[in-house]
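The active site, proton acceptor annotation in TrEMBL covers HIS150. According to TrEMBL, the feature substrate binding site maps to ASP108, GLY158, TYR312. What TrEMBL lists as divalent metal cation binding site is ASP185, HIS187, ASP273. Residues or ranges marked as domain 'Histone deacetylase' by TrEMBL: 36-325.
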Amino acid sequence: MNTGGNSLPSGPDGSKRKVCYFHDPDIGNYYYGIGHPMRPYRTAMTFSLLKNYNLLQHMQVFKPAPAQETDLRSFHADDYVDFLKRVTPENQKEHLLQLKRFNLGVFDCPVFDGLYSYCRSYAGGSISGAVRLNNGLSDIAVNWAGGLHHAKNCGASGFCYVNDIVLAILELLANHQRVLYVDIDVHHGDGVEEAFYTTDRVMTVSFHKFGNYFPGTGHILDIGYGEGKYYSVNIPLHEGIDDESYQLLFKPIMSKVMEVYRPEAVVLQCGADSLSGDRLGRFNLTVKGHAECVKYMRSFNVPLLLLGGGGYTLRNVARCWCYETGVAVGVEIDDKLPEGDKNIDYFGPNFKLHEPQRIMDNKNSREMIDKLRVRILDNLSRLEHAPSVQFQDRPPETRLPE
């Protein structure tokens, strides 16, 4: 199970890919507020590392075109989009009922300066990446500012306002019958799963901490409904999982998913809060262990959209996404961080790309891992191989029994 996927046109090493990278130079200026763990500046730190590692020359770099209103309304409710457009820190007290209705103005999802522009920017990067994949202009598209997987059709949740992942998947569905979504954030990808819970055109696979942990969803029994039955895959984990245990699940499960589902495009949410030492996370993955998931999914030679997500220890997020960008372009970068980086002081005292894991208990026993893997693989064996579905503008609205 340690091997990669299909061989590549460029050769067995698979080193060459057409990679595009989306970065808004203003993204680091958005600020959730004092004490808030979400810091958009992490993507600016990542971009600075990429520049100083000379990785930008290996890919096309674009400033994302902001998502249009029509893009946002393709998933989000009209009244929610209207409210995002007009609410500001100055006028929010005039809209207390709507703030409560849309889950805005609370600590998790505050109203801050430039909120709507921020949403359009990060969503625009994900949509633009999907467009380039659709048109065959790129093999891999990267938008680390995206990956905000908790946002719902009619409200914000968990630091997420607009669900750029759903918007990008809807774009991919215009050209592809089957799209696979994989989530390695420490939190369950609830917003994306909910959006596609009743369709077989999108399979969602989420590896996450479960049990008295936000958002509280993602039970192993949550497998989809109706035509989407068995197309939602949840791998609930306990805290402290390390690289070895994680890959005992990730590779065999994703190998089976690729075999039976045969997606025509893959979206991989690379939330870095599953890293060791994250401010909010409770996993114990190294940068290399986290990036092994990117490397493995890259090896299948299917159009791949890489997105960000969680990650609240800034220096580790930048380390991780910089290294994973190197994986995307097929370049192994040096462990010693480039001295000319303007954020170098963040990375002290060792100034290395890779840091050791924390010393913490792995509460995922080998027996538990083995049982979980067997159960998930059994569910996947119930799937119709590569379901043939007719094209439509978008999947049907999710409607569950009351």
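From the backbone N, Cα and C atoms, a Cβ is placed for every residue, glycine too.
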Return the residues near TYR312 (substrate binding site) by Cβ distance under 8 Å, restricted to its own chain and a separation of at least 6 in sequence.
PRO37, MET38, ARG39, ASP273, ASP278, ARG279, LEU280, GLY281
Which of ASP108, ASP185, ASP273, the listed binding-site residues, has fewest other Cβ atoms within 10 Å:
ASP108
Far apart in sequence but close in space: which same-chain residues, 6 or more away, have a Cβ under 8 Å from GLY158 (substrate binding site)?
ASP108, CYS109, HIS150, HIS187, PHE214, PRO215
CB neighbours of HIS187 (divalent metal cation binding site) within 10 A?
27
Distance in Å spanning the most remote Cα pair of ASP108, GLY158, TYR312, given for substrate:
13
For a quick check of packing: other C-beta atoms within 10 Å of the C-beta of HIS150 (active site, proton acceptor), how many?
28
Beyond ASP185, HIS187, ASP273, what residues of that chain have CB atoms within 8 A of the centre of the divalent metal cation site's CB atoms?
VAL186, HIS208, GLY271, SER274, LEU280, GLY281, GLY309, GLY310, GLY311
Report the residues of the chain - excluding ASP108, GLY158, TYR312 - with C-beta within 8 Å of the mean position of the site's C-beta atoms, for the recorded substrate site, in sequence order.
PRO37, MET38, HIS150, PHE159, CYS160, PHE214, LEU280, GLY310
